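K.L.:
One structure is given below, represented as structure tokens, and several questions about it will come after.
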Amino acid sequence: MKKKAVILLSGGPDSTTVLEIVSKTDYEIYALSFNYHRRNSLEVQKIQGLIKDYNVKQHRVINIDLQSFIGSALTDDNIDVPKFKNTDQLPSDIPVTYVPARNTIFLSYALGVVEVIGARDIFIGVHTNDYTNYPDCRPEYIKSFEAMANLATRVGVNGEKITIHAPLINMTKEQIIKKGLELGVDYSKTISCYDPTEDGLSCGQCLSCIARLDAFKKNNVQDPIKYV
């Protein structure tokens, strides 16, 4: 019987690269996505087309309301998504696009799914990005959450170890895109933008777009998605 794995899938290049990596293993894949604000709703739409390319056993989309977490440009309609011209302008501290406890919330849901379906492995596409300082993307965070997961679940207490896999954790965005291209990821079906237009065009100026464009440029490859 195949081992089961839960993959947190956002529709962006990082989680899609992880999906590609896991698809080349013997895991039975259970994808988990979240619809938490209008600014990420396009991501969820993209995922529907994306997973058709993969042998995903089940895809769950969980609707959660993070708008009470004010102070983030991704959940607070009163805060504009910052725009930049190049990587030199990107902030060196934790950006306003940080969503309080987002990965902790997402991983907690994944932990529940793991127990329900009998899986022991969770995959997430976090990495120590060259241009952001999200606290819930660090190696020590993943290690700590894994320790908590094994203390707070029945399977963990019973000695059946739950493992949080972050295969991109020490990679730069440039390295992730390079890896994905080598594996054959179709990045035209992904989206990174924090502030896309209603018809699905990426803004090309938010932190995520700038980092993505820079990564493709460094790989001497044209980004296949459309920008404003």
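Any Cβ shown, glycine's included, is placed from N, Cα and C.
Under the heading ATP binding site, Swiss-Prot lists Leu9, Ser10, Gly11, Gly12, Pro13, Asp14, Ser15, Thr16, Thr17, Val18, Leu19, citing sequence analysis as support. For Cys193, Cys203, Cys206, Cys209, the entry in Swiss-Prot reads Zn(2+) binding site, with the evidence type sequence analysis.
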K.L.:
Give the sequence-ordered set of same-chain residues, not counting Leu9, Ser10, Gly11, Gly12, Pro13, Asp14, Ser15, Thr16, Thr17, Val18, Leu19, with Cβ within 8 Å of the centre of the Cβ atoms defining the ATP site.
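P.N.:
Nearby residues not in the site list: Gly125, Thr190.
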K.L.:
Whole-number Å only: compute the distance from the Cα of Cys206 (Zn(2+) binding site) to the Cα of Thr17 (ATP binding site).
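P.N.:
Per the Cα atoms, Cys206 (Zn(2+) binding site) and Thr17 (ATP binding site) stand 21 Å apart.
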K.L.:
Reduced to three states, what secondary structure does DSSP give Cys209 (Zn(2+) binding site)?
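P.N.:
Once the DSSP labels are grouped into three classes, Cys209 (Zn(2+) binding site) ends up as helix.
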K.L.:
Among Cys193, Cys203, Cys209, these being the binding-site residues, pick the one whose CA is nearest to that of Leu9 (ATP binding site).
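P.N.:
Nearest in space to Leu9 (ATP binding site), counting only the binding-site residues, is Cys193.
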K.L.:
Look at the binding-site residues Leu9, Leu19, Cys193, Cys203, Cys209 and tell me which residue has the greatest number of other C-beta atoms within 10 angstroms of its C-beta.
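P.N.:
Neighbour-count leader: Leu9.
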K.L.:
Among the binding-site residues listed here, Gly11, Pro13, which has the most company in the form of other Cβ atoms within 10 Å of its Cβ?
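P.N.:
Of the binding-site residues Gly11, Pro13, the highest Cβ count within 10 Å belongs to Pro13.
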K.L.:
Measuring CB to CB from Ser15 (ATP binding site), give everything in the same chain under 8 Å that is also at least six residues away in sequence.
P.N.:
Ile7, Leu8, Leu9, Ile124, Gly125
K.L.:
Tell me the Cα distance separating Cys193 (Zn(2+) binding site) from Pro13 (ATP binding site), rounded to the nearest angstrom.
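P.N.:
Distance (Cα to Cα, whole Å): 11 Å.
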K.L.:
On a C-alpha basis, identify the one among Gly11, Thr17, Leu19 that is nearest to Cys209 (Zn(2+) binding site); the candidates are the binding-site residues.
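P.N.:
If we rank Gly11, Thr17, Leu19 by Cα distance to Cys209 (Zn(2+) binding site), first place goes to Gly11.
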K.L.:
Please state whether DSSP places Leu19 (ATP binding site) in a helix, a strand or coil.
P.N.:
helix
K.L.:
Of Gly11, Thr17, Leu19, which is closest to Cys203 (Zn(2+) binding site) if I measure between C-alpha atoms? They're all binding-site residues.
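P.N.:
Closest candidate to Cys203 (Zn(2+) binding site), judged by Cα separation, is Gly11.
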K.L.:
Report the nearest neighbour of Cys193 (Zn(2+) binding site) in space among the binding-site residues Gly11, Thr17, Leu19, comparing Cα positions.
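P.N.:
That would be Gly11, nearest by Cα distance.
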